[in-house]
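> According to TrEMBL, the record shows the following:
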- 23-288: domain 'NADH:quinone oxidoreductase/Mrp antiporter transmembrane' (DOMAIN)
- 290-343: domain 'NADH dehydrogenase subunit 2 C-terminal' (DOMAIN)
- 1-16: signal peptide (SIGNAL)
- 57-76: transmembrane segment (TRANSMEM)
- 96-115: transmembrane segment (TRANSMEM)
- 152-171: transmembrane segment (TRANSMEM)
- 178-196: transmembrane segment (TRANSMEM)
- 202-219: transmembrane segment (TRANSMEM)
- 240-261: transmembrane segment (TRANSMEM)
- 273-294: transmembrane segment (TRANSMEM)
- 324-347: transmembrane segment (TRANSMEM)
Amino acid sequence: MSPLVLSILMSSLALGTVITASSHHWLLAWMGLEINTLAIIPLMAKMHHPRAIEAATKYFITQAAASAVILFSSTTNAWTTGEWDIMNLTSHLSTTTLLMAILMKLGVAPFHFWLPEVLQGIDLTTGLILSTWQKLAPMALLIQVSPNLNPQLLFISGIISTMIGGWGGLNQTQLRKIMAYSSIAHLGWMMAALIISPQLTTLNLIIYIIMTTAMFLTLKMFSSTKISTLSSSWQKTPTLAAMSTLTLLSMGGLPPLTGFMPKWLILQEMTKQSATILATMMALSALLSLFFYIRLTYTMTLTTHPNTTPSTQVWRFSTTQPKLLLMASATASVALLPSTPLLFSILP
């Protein structure tokens, strides 16, 4: 892809997110979401492969349907209240349809069916953008309107997402599908925390983006798309393999790693709000996700890649991929738990 075209598309992605996150008018927010959608579709289809074209088509249809529902919801609310202000969301029909549309855009269960298939059909770099940057605009919209949403629907979608994210990833061998189900599970935690504390949802989103960025960049460095190809990573780069192992365990929420922080705070807040049963179900569902994270760490560290030739290690050139972002995100994915008191003082 031409550098000029790539810079225009990336600028459009940034512009769409900024417009949606900073707008107070429904039409401006809808316009930002549309710019976001249209900017990433050429990035998906740039490989000129049938799977990539299929993924781009599925993504376009799903996002267009969700955008149409958002437009219907905002129009209905404007018809009822006489205002297009995002914060003035009072109609019950508007709040329900808007929540369904945003859940569909994010890929939260039960509107998650498109996410694993789309992520499987695109390359790792575009998958990273889809799993991180594309969540920002809908999540900003959701946090703005969260006081007006139905808490029961959010709790139900949250617990279903954590369950499906755990169950769906158990029998997968494709790494991009595993990352898709991991994304669904993490989004379920954010939905469950949204009504109780929007600040915790923001914190969870930031840590999710950091961990997902580290994992996708690691897979890109290894050029791995299947679990079986991870078995040679320890022989190639043992330091990166060790860091990615810790990153996977952090995504599973094990202490004393960074990923334990949002789960701990969310469960603590749920217990304070007397939602003990919901907190117990969320904690048990996290064990499902932890299983396939440990499966990946086992493949990376405790299995040896089959070598049928008696020759020495194959000659490899030094990689030309940038390492600074990978190093920073991997370190943050592992070592941010001691900063929890500082984050408490920063969050309002």
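Every residue gets a Cβ built from N, Cα and C, even glycine.
The structure displayed is predicted, hence computed values, not measured ones.
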> For the transmembrane segment (57-76), name the stretch out of 96-115, 152-171, 178-196, 273-294 with the most CB-CB pairs under 8 Å.
96-115
> Tally Cβ pairs under 8 Å between the transmembrane segment (178-196) and each listed stretch (96-115, 152-171, 202-219, 240-261, 273-294), then give the stretch with the top tally.
152-171
> Could you pull out which residues elsewhere in the chain have a CB under 8 Å from any CB of the transmembrane segment (96-115), counting only those six or more residues past its ends?
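Those are 33, 58-59, 62-63, 65-67, 69-70, 72-74, 76, 89, 135, 138-139, 141-142, 145, 149-150, 153-154, 157-158, 160-161, 163-165, 180, 183-184, 187-188, 191, in sequence order.
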> Please work out which recorded stretch in 152-171, 202-219, 240-261 has the most C-beta pairs separated by under 8 angstroms from the transmembrane segment (273-294)?
152-171
> Please compute the mean pLDDT of the model over the domain 'NADH dehydrogenase subunit 2 C-terminal' (290-343).
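Overall, the domain 'NADH dehydrogenase subunit 2 C-terminal' (290-343) comes to a mean pLDDT of 78.
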